[in-house]
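Written below as structure tokens is the structure these notes are about.
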């Protein structure tokens, strides 16, 4: 502990604490030059010194501490809600005291075949059970007795003052009297049936009372053995009361619920989990059924323990609140198999008991210690127990039955019994991200941790959606009886586990994790007939970037005992292969010749497993968006999918041509050749395809190895040829003239000299213009521009000085994260489809904004799938505060924290002097040179609205099973414009790049270039863009022009 932490404020006066050998003498009042008296400064208190010391030690900046304090204050439950809750609880207690008593009635009395006239109690009980009769099964004609509860108590986050607001959710526990149960009711689902009747007894009488506006039934974390009621008081819609019923403490012996005990000896769950004829059912343990009953049986004692442990630790309670806020944003504590709030409470209690958390720690330290514990402790290997006197034998029983073991204070209940191990692994990964975010001195660390909602569909590279109409009986037949008995009462957990294992078997090393997702919380209004059916199951897939797209799936060696199993699983896809090292293996080979094809391997494997092996109805959300990047109207001479194959060819040709230019032996040395075009960082949607160029008959003609336009008034435009732009950097020389016109003439002579030497030495055709030089090489047109240090004009510096460095850094991101290029192309395709062209939002800005997610890892691990990377880009657009903070793109961490914080401070104090969007990179001296002219505030607002709507549609498609088509997200809404110009289709040279293709559009075939091709085509000729440029130059002060790129609409 720090020295300051050990100081007791009561033992010292302020003067003694700061006493020195040479005390400073200062008059109590002294005058300033203007004659006014200064106020006497107070000495800092011990608390203030401790706070300062903690801030310097733990926080990267004081702002983070202030933000946490503000968050805790903002999430505090309002007193008016607490008062309303207190009033309602008092009324609820009065309601409980007036509940009528219903004497014992056997279930058989409810049968429709019964001819006896039902009594009042029978009619009441029959009424409350008809809605869910199909869910109630046990082995006996048990009597149902309904009397007032013995007592009522509260528990959970609100009880220990750790519930984050603004809404108030409280758990109420009703203790059911002994007379309602029998000591053997733990057997064969009898307890669960009686418990459900009791809940309906409470709900039915609440329904006739006027203290509730809503009564819903639900299952606790989707566990059908743990039903409860959700009640909304009539005095507030911000308060939610969860009502649980439990037996009296110690009524059932805790030993009965240990995981090696059998408590189901009859086929009471046969409709969900058929067992067939099992002779030794009594001998097989039922750990998950036991755990569900153990939750109820131990609830009272555990709540007392938690209250005693955490009630007086205000900082620990606030730290727990931070953890819950962080968890809520990531949605790990929802649904079946979730990392529940209960688990978090028990882990914090365990850390308090082990003195890893204490009352002297701040809420931040508690949060940090929790993350550190999750990072450093693998609970799948190491079990923990709050019960200190638990024997190693009992602990081993828990280990044998469950993946994760956290034993409660009684020693009879595993809090993590229903926790899915894949969810736990995902949780650990998120804790690692959060822990690293705490150590990053970035402006967005706090908001990324606690304020930004991270939807489930953004956390995974792909999502498998298994429809609720699937029948899993054929799957359950393949599972061992021992395992089926273990999961009695929780058959969905068993199905999830089987599907996860089967998917893992097929995807193998291609995935890091396969995580179950709960899209919805199962609730229904009391009084509405509800029948439990198969649930919709979703699985999120996290791909391994190193192995995901391998074309070979390696199996065992030939004659290995596992060879037969591998071949049975893969069927006709498996084959024997011998490798160069002499080994012979069984493998599955996926014949792919494009990078897009390699990404499709994941879909092929999932389809194989779900359709051929399991025969299930499903959808796989993974790469649907990529279809808008595939141009089926183009037939290249080489295999191509999205833009990668063409990009690789262009970069390879560019490197070869660059080496040839350097080898020319120019008088003035070339220090470097840098790419400027987007193709160099793999973000060009449709890069030019290398091909041979020939003049046509009606539009173009040939003149001295140059294809030129025939007429000034064209009826159609020739094929569009995009030049690949590069900058040539020359070594410094005093021979360059200082006058601008003379300098331009010298540059033109330099172009001419290069052009002449390329022709004589390499037979390479080129064309020189005053400001650049076009070179035709291997079917691609490269446009070279000289960059001299003497040319300091902003445009020259932006395009030729800074841009090559930016493009080089982005190329590095692409080499490290292959999803970057395609996801950026998707972002451009989407933005351009919504009438925002390069003039309103330049391409380079999209490149930089999308790079942000791959450089900042506080929200997610880098995406492997381009589709999810694109969706994360949209999420970032909706979340970033353009008007409050700069966008920091810190390539190679070259920007220091001081540089970033200084800029942020200047921007907050003088925002008007900065452009609407400010992007800080290490290469432009903090000038944000690419955003000085565009985008405007209006474009940024429109883009944010569009991104938000797009994400809402995607969420509805995934979670609400909307029938909306993905392609519709790329179709703009042209309503609301004052004027729409429809241009002639023949004047559009890029119409083959349209998203919506027409049957009338002819397919273009590209021939492979050969050595004899010497004709330079018509370059960068786009009449529609030229017309739009003229419109903006002429009428730009009166109106704003929007255009759908590659379309004929302005």
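Here, residue 1 is simply the first one shown, and the rest follow in order.
In case you wondered, yes, glycine gets a Cβ from its N, Cα and C as well.
Residues annotated as compositional bias 'Acidic residues' in TrEMBL: 7-19.
Taken from TrEMBL, the feature domain 'Nrap protein' applies to 170-310 (among others). In the domain 'Nrap protein' (170-310), the DSSP tally of helix, strand and coil residues is 55 helix, 31 strand, 55 coil.
Marked as domain 'Nrap protein' by TrEMBL: 316-453 (among others).
Summarising the annotation, TrEMBL assigns domain 'Nrap protein' to 457-614 (among others).
Residues or ranges marked as domain 'Nrap protein' in TrEMBL: 635-798 (among others).
Here the domain 'Nrap protein' (817-972) has a mean pLDDT of 90 out of 100. Annotated domain 'Nrap protein' per TrEMBL: 817-972 (among others), in sequence order.
The region 'Disordered' annotation in TrEMBL covers 1-35.
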Candidate ranges 316-453, 457-614, 635-798, 817-972 - greatest C-beta contact count to the domain 'Nrap protein' (170-310) (under 8 angstroms): 457-614
The domain 'Nrap protein' (316-453) - residue tally per DSSP class, helix then strand then coil: 78 helix, 5 strand, 55 coil
